[in-house]
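Visitor: The domain 'Acyl-coenzyme A oxidase N-terminal' feature in TrEMBL is assigned to 24-149. TrEMBL lists THR155, GLY194 with the feature FAD binding site. The annotation domain 'Acyl-CoA oxidase C-alpha1' is assigned in TrEMBL to 292-453. What TrEMBL lists as active site, proton acceptor is GLU438. Annotation comment: TrEMBL describes 488-668 as domain 'Acyl-CoA oxidase C-terminal'.
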Amino acid sequence: MSTDKMSVKVNVDLQKERQKCNFNIQEVTFIFDGGKEQTLQRKKIEDIALNSGASIDSIPEECLGLKERYDNAVRKSCIYSRIVKNEILEITGLEALGNPVLRRTADAFFKEISPFMLHLGMFVPTIIGQCTEEQQAKWLPRALEMQIIGAYAQTELGHGTFIRGLETTATYDPETEEFVLHSPTLTSYKWWAGGLGNTANHCIVVAQLYTKGQCHGTHPFIVPIRDMETHEPFPGVKVGDVGVRMGFNTADNGFLSFNHYRIPRENMMMKNAKVLKDGTYVKVARHEKLTYGTMVFVRVTLVKEAAINLAKAATIAVRYSAVRRQSQPKPDAPEPQIIDYPTQQHKLFICIATAHALQITGDWLWRTFKDVLADMRGGNTDSLPELHALSSCLKAISTSDSAAYIEQCRFACGGHGYMLSSNLPLIYSFVTATRTYEGDYTVLLLQTARFLVKAWEQVEAGKSVTPTVSYLTLAATKEKVLWNDFAEGIIRSFQAVAARKISACAETIKRHMKTGICYEDAWQLTTVRLVSAAESHCRSVICQTYWNEITRLTASCSTNVKIVMEQLATLYLIYWALERSGDLLRYSTISEKDLNRLQERYEELLALIRPNAVGLVDAFDFRDEILRSTLGAYDGRVYERLMEEALKSPLNDGPVQASFHKYIKPLTKGKL
Ligand SMILES: CCCCCCCCCCCCCC(=O)SCCNC(=O)CCNC(=O)[C@H](O)C(C)(C)COP(=O)(O)OP(=O)(O)OC[C@H]1O[C@@H](n2cnc3c(N)ncnc32)[C@H](O)[C@@H]1OP(=O)(O)O
Ligand SMILES: Cc1cc2nc3c(=O)[nH]c(=O)nc-3n(C[C@H](O)[C@H](O)[C@H](O)COP(=O)(O)OP(=O)(O)OC[C@H]3O[C@@H](n4cnc5c(N)ncnc54)[C@H](O)[C@@H]3O)c2cc1C
């Protein structure tokens, strides 16, 4: 427990909730963080970064004008990155790039987003993933020392999803041994890159590479865009901010164009392909798509990002629901805490369970990613397609579920959830963007579907497939899978649903092709079902991973921790079985009676989890500085905090605003 939690006077209802909790909170914190070591490391990092008070704003960020907000975000980014550089990276090493502790701690500094986020989030990882050792030796120390600040500019005004359609060109000139960067059209302007508008002095630019008159597709380049002394854009570079957005307004998302702008040949990131001095193009990598490596890395990290943000929202909404009392269902009885309403429990407990499910799946995916990376270092890229398929669907589903449930947490807080000071709108505006960036939801599910259909064709041909799709053999028989409501039975049924949907898609594609249309058109006609099949596959992966891992992780835990963790995981499985009852009726032997029983068990679980609800969110262990919420603080002083924050609004700086004299008075006196 951090010091701020020990000294404050806590709301009485929250105190009672904490007395009711029957499990060891710290053990659950260890599970959520991925182990005791990780918890201790996180706490140490949070102490280093937050105990100085450098993150505190005198005026709420949201009350500042756009420019002041950006200015304040840059100020705090400089403080935070000095702490990261001098102290945090010393503890974590570069593992920090895949560890949510940096983002979690950063939330105490920025209610929105740091304009430096993409520097550590994508610029540095791309240097590591796409540069030769020699290039890394040149760029990495400068980037880690913050001597240069970078952005990642891939998306253009005209294309984001379709990378092969990017229009920016990098044409090699062997006379001067330089690449000439050019933006031939308005739609070729780089657009969206975080940190690019006003902050970055360097940028990774993804451009179509031309040499000896031939195009070799998109490649990444490191491009200096601003003078290191004056920060003026170099001649030939046009750069600016893309304009006000739904969120991310301190993230400095920018546009960028080039007018025949020259960079040295060595600024091409040459780990996967090279251009020699004479202009000869040499492919080094064994796999076509290795230049997409940073995207795969970020997609992997986004799963845990989704979990952490959902855990934050759940903490706010559950604590608030324990403090808030509303309505009078029984005459003469006191108003209940809103968390006592089963409908409120239905809204919130799935959020807690999903945070655990995504965190555990995110950990598992991170380990898989590191294994694949190790294979690739040894020259073996065989497991890359499976990693791409997994990271694509898990990124899509985790960000989409998390955004939906964060919004549900806001609904669960009624009117006060709509206050920016609750922090729920800001968490939502951040997370809803993650559904789009780094690959749109639908597009990524279709990438997974492509892998699944191929895997199904392998199964049909009697060939072996990789472990995450070995369940596809379930579809080989047309029999409905036998329903049983044990966890393993539910998971098996989800797999059967996914398998049957995938096989049905493959059949549909074939059926369309029999009418004489080509494969691509047949694929398009099947995409609604393909997205649904990929979603089912992903749900079965999450359910299986969550269940297997939570069983493993709690094996040595105390009894009550085992019980509450099993209750949450079972709730998760049953919730999705009920949500997908249509699929189960279609592809398993589940009956109406089974569904009724499942519904009853679900409601029983809500009641069983209820006394531990506050304990469960306390176990996420967010410091108040990170939650930044009037509704979710540890002490539950909800109404006092709402009032205190309201009084900080510049609109409360005096009893009469100037607008009264300028406009309202003349209007009411008939003089306007
Ligand atoms: C530490 C500090 C905090 C950190 C916080 C982090 C913050 C981060 C903030 C971030 C802020 C936001 C930052 C940003 O937003 S940065 C911009 C991100 N942009 C995107 O994500 C664009 C999304 N589009 C794509 O990824 C591609 O264009 C897709 C995939 C859609 C198609 O592509 P393409 O048209 O070229 O391919 P194809 O469809 O013909 O398929 C051809 C084959 O290629 C295989 N294939 C495709 N892709 C991959 C892959 N990756 N690895 C391995 N294989 C891959 C594929 O399976 C197929 O295989 P096969 O079927 O033929 O066998
Ligand atoms: C907050 C934010 C930050 C960002 N930061 C960066 C950054 O730092 N660097 C960077 O390079 N980019 C960045 N991006 C851009 C982001 O990566 C793209 O917006 C994203 O990849 C989606 O591409 P798009 O905008 O072209 O959408 P589109 O591809 O135009 O999508 C529009 C719609 O069309 C559908 N669609 C598109 N193609 C297909 C298809 N083949 N099949 C079926 N449906 C399809 C999509 O599902 C979607 O519904 C950022 C975006 C946001 C919102």
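Glycine too: its Cβ is placed from the backbone N, Cα and C atoms.
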Visitor: Where does THR155 (FAD binding site) sit in DSSP terms: helix, strand, or coil?
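Guide: THR155 (FAD binding site) sits in coil per DSSP, no helix or strand.
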Visitor: Please report the distance from the Cα of GLU438 (active site, proton acceptor) to the Cα of GLY194 (FAD binding site), rounded to the nearest angstrom.
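Guide: For GLU438 (active site, proton acceptor) versus GLY194 (FAD binding site), the Cα atoms are 12 Å apart.
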Visitor: So what's the average pLDDT for the domain 'Acyl-coenzyme A oxidase N-terminal' (24-149)?
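Guide: Summarising the domain 'Acyl-coenzyme A oxidase N-terminal' (24-149) by its mean pLDDT gives 92.
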Visitor: Of THR155, GLY194, GLU438, which of the recorded positions has the most Cβ neighbours inside 10 Å?
Guide: GLY194
